Amino acid sequence: MLAIGLLLLTATQYLVAGRFVERQLLEIESSDGFSRLRSLHHAMDQLQDDLASTAVDWAYWDATYDFAAHKRPNYIADNLDASTLKRLRLDFLVIVDRQGRPMFAHSVSGDGRRLTEAPSDVVGMAAREGSLSGYTNPSSELNGLVSTSAGLYMVSSQPVRATDTTLPPGGRLVMGRSVTGFMIPSLRRISGESLEVGAFDTHSADQHQVLRESGTDTLMLHNGSFGGFTPLLDLWGKPIAQLQLRMERPTQIMLLEARRYLFGATLIVGIIFAAAALLLLRSNLLRPIERLAEAVQQIGKDGNAATRLPTFRTKHEFATLADSINGMLQKIEQQQVIQRDRDAAVEANRLKSEFLATMSHEIRTPMNGVLGMCELLQRTDLTSRQKHLSDTILRSARSLLGILNDVLDFSKIESGKLELECAPFSPGELIQTATAPFLANAQTKGLEFSVRIEGGVPPLAMGDELRLRQIMNNLLSNAVKFTEEGSVSVSCAATDLDRDRIELRVTVADTGIGIAHSAQHQIFDPFAQAASDTSRVYGGTGLGLAIVRRLVKLMGGDIRLQSQPGVGSTFTFTAIMRRAVDLPTLRALAEATGPRFSVANAPAILLAEDNAVNREVFTEMLEHFGCRVTAVENGAQAVAAVADRSFDAILMDCQMPVMDGHTATTELRTLERTTSQKPAFIIALTADATPENHQRCIDAGMDAVVTKPISHASLRDVVMRAVRGVAPSTA
């Protein structure tokens, strides 16, 4: 590995150093290449200016003007012959009259002794409406390159003018010099560079390695040679050829030789260094690592966190590492002990909750018998003494039953088995009925008792009425119990959260004994009370407020306490409720929206719902759709109803007494198979929107699942789809 590392180090140094020098040389070569290309551009401009100057001299001459006007017949004989064009270094000369008709259009022959016809396409360009005729602007000058059948030419097209500038242009004079025969040799003489002209190649970047670009100029590498490329543009800016500049690269030879020397020197020094480093690594690094690795592997194999690594005599990094690992092992050992203790505590708490729940259930059965018998006993003829004793038994039994209910509820909450219902109820009515039982006790103690319902409280909401009543009972029981004089007040308000949710806020205030600030943080803990003698004076288990806080949390709310000893206490709790539509609104919606079934084809719907308010709401909706509704209170009644007659669809609540919706659905599917009945379309009604509950409904045999609360429009859509045999979308 060390040898490989040495080779990699040497190669890296060789490549990095070589690349750095090569990049610097490339920058120098690129700068020089662009400088040469700029010089070539300047030289081409000078050649173009020279041709334009010559063309202007001949075009702005009265003799040429008269010739173009057909007034000087001897003009050609006197001025234009092969020697003249050769002296002017022209490859062709074309003169046309004002109408664009050629007057003179000749080139010089190959031997330079006679005149020949100018290329026909050049004559065509100079003739009337040709690209060199300037027909759109007779006074314009045209200078640049053109491509003809005879090759590339540098041309200058000038208007023929007289010395009297008031006279209009008399025609056109066009001079041309060959790019390959004149321009390239001239550029070679001026710049001393190796130049070539080639066809313009749009794919040159694919065939060469592009090094740098500056405007239209490009520097490329091809097969190791270095060159510059610049496009040659015609009069109209279109590339018609490519000028190529070939450059020598002597610095590259020097670079290759320097890289070879650098590689050899680096390799020799690296070998010497590697040999020395290997000896030091073996004694100071590899051996301590091997010792640590063997010890760690043994600990991992045994799984014993109590094992410790061996220590080193000398203090160095490995000694520090060994001490750190030993400290980590000690922490792991402590965490394992803590985890074992925690697991044991969790298991003990679970067993405690299970024991409390089991014992509560076991005790409630005979306790219900005691209460029932005591109530029956009180209906018989009793003496005053017997009446007093039976009343005492009944009060004690009810008190004991309340304690058992608290223990059972708390164990359910602790084990996560308590589920909230979601059914319509009247918040204002709940507050009134929950406070009614405590009014008599308050009046007996001479307390002022008041209830206030704010105007914003809706007539109906969706939530767990039973658990809200339980919260109210606990708070009111404490308020009346701990207040000897003064007042107890209850207020209820509501705040809109969004379209579907409201926040119910209830405050219970009293002028009782109050709670010390130091004890306020613990009264919501299980089995805790404000003072140690409270349970002896007032009774109670200390579970009431613990249950209240957990129920409020389950409802998405919170509970706060403000209290002062000797002044009183104020408990305020909030709970998130779903909105519910009252029956008058349902009737209005049913009249105003949605299609109905006719009397002739009114579908038969079986509604299984244990909650009376829910049954009334769903029945009201379904009847306004035009359905014939049969309502039952539990799953057993639903099975019995289906055994007597068939239904087009069944709305099945999941949680019902006697027989729940899942069991009833399983029974119905079995009944349908045994009697060969057509399967009924069963829709689950549930307040539990979890995926696990949805899958449980489908596994039981239900065709669709909708979540409460369900709107008027959604219920209509579900029923119509079910009657048509189309699976409703899960809501």
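In case you wondered, yes, glycine gets a Cβ from its N, Cα and C as well.
Features reported for this protein in TrEMBL:
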{"type": "DOMAIN", "residues": "283-337", "note": "domain 'HAMP'"}
{"type": "DOMAIN", "residues": "358-579", "note": "domain 'Histidine kinase'"}
{"type": "DOMAIN", "residues": "604-723", "note": "domain 'Response regulatory'"}
{"type": "MOD_RES", "residues": "Asp653", "note": "4-aspartylphosphate"}
{"type": "TRANSMEM", "residues": "261-281", "note": "transmembrane segment"}
Cβ neighbour count within 10 Å of the residue listed as '4-aspartylphosphate': 27
Averaged pLDDT score, the domain 'HAMP' (283-337): 71
Residue distribution over DSSP helix, strand and coil in the domain 'Response regulatory' (604-723): 61 helix, 25 strand, 34 coil
